[in-house]
Amino acid sequence: MPFITQVYAREVLDSRGNPTVEVEVFTESGAFGRSIVPSGASTGEYEAVELRDGDKSRYLGKGVLKAVENVNTIIAQELEGNYSVLDQVVIDKALIELDGTENKGKLGANAILGVSMAVAHAAADYLDVPLYQYLGGFNSKQLPVPMMNILNGGAHADNNVDIQEFMVMPVGAESFRHALRIGAEIFHNLKAVLKDKGYNTAVGDEGGFAPNLGSNEEAITVILEAIEKAGYKPGEEVKLAMDVASSELFNKEDGKYHLDGEGVVKTSEEMVDWYEELTNKYPIISIEDGLDENDWAGHKLLTERIGSRVQLVGDDLFVTNTKKLAAGIEQGVGNSILIKVNQIGTLTETFEAIEMAKRAGYTAVISHRSGESEDATIADIAVATNAGQIKTGAPSRTDRVAKYNQLLRIEDQLGSTAEYLGLKSFYNLK
């Protein structure tokens, strides 16, 4: 039987050189699972707590030895010899109860999630099936449309661009493999476009370019130029997406949005006007966190104005939390949720959020964090849930490409049953 014999955690490094938690789960059958927990740069204030040591003499206070110790003592004592790795929901529930706090602040969401994911990997190993098939069953066959962050600003880059992410979505591709090729070709052409204009071509946290530009709108125009230079049609084969990360722009003192790169200050209503103008002018199909996470009136207004034709994704707004999402659904706020496993802390709660979104006609976009690793679990989650969309950076840097390569493998494994729905993945739009 696949009963857990050992749960072991260690401190490893993420893609930004910061410590994170790696967990290994061993079973009496010999089945084994390993996972590495991701970490965010711009975080919502309602996210589950990522436990950091705070010891400034180690890793500038970002060590995770407390979280590691919690896995190797409290969690290990609870799980070893008592649970089968096939009991994912039971184990996740036990971990939540063991922590006992609303935000997983006692043991740390990074400790709990590491165990939750490693257990799933061990179960798939025991059953000798791919992780996506174990998590989703025989009907897991939809490859996601990639939301590829090719130009970075905000908290993800040291430049004057206020908007955190500008992305391309190859909605007109015939397969995931084709979509990835389109994205990569646009990425390389963007480098050439930026170089021709005398802009920097260094990359940010998520692999996208991070130049200083004349305005936020110029980021859109250089990407459109790169799409055409690569031989594709903007608006037909390729749509644009933005993650504004507005909570990073919001000033609590005056209640306004400060776009420091442009030297502009906007009210909530002016931000909505701006998005309406941009989406009328350019082929933008998705906007994430267009307003501050606590500006629900602004989000509601944005949804009323453009929500029928533009995907409005809640990241900091919903933080992968079913209570937050339920409130959004009830109030008509947004039409999509960003799914980040470490915002909530267990696979069970992650899947509950995805199911709730789908039942309400909201899309669920599976997402990485800016601090990633070689762990590609989210690629399997995207296919397991037939989510239809994944956001995991540029086709650059191994920590991002690891997810894309895993999706290529999955598409190969699925063979003729694999589906890539492109624009049909946006079932939330009219």
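Cβ coordinates come from backbone N, Cα and C, glycine included.
Within E269, E270, E276, E288, the residue that Swiss-Prot lists together with D243, D315 for binding Mg(2+) is E288. Listed by Swiss-Prot as binding (2R)-2-phosphoglycerate are K340, R369, S370, K391; the candidate from Q142, Q164, Q406, Q413 that the record includes in that site is Q164.
Of the listed binding-site residues, namely Q164, S370, the sparsest CB environment within 10 A is found at S370. Note on R369 ((2R)-2-phosphoglycerate binding site): other Cβ atoms within 10 Å of its Cβ, all shown chains, come to 28. For R369 ((2R)-2-phosphoglycerate binding site) paired with K340 (active site, proton acceptor), the C-alpha to C-alpha distance reads 7 Å. Among the recorded positions E206, D243, E288, D315, the ones whose Cα is located within 10 Å of the Cα of K340 (active site, proton acceptor) are D315. Candidate recorded positions: K340, K391. Fewest other C-beta atoms within 10 angstroms, K340.
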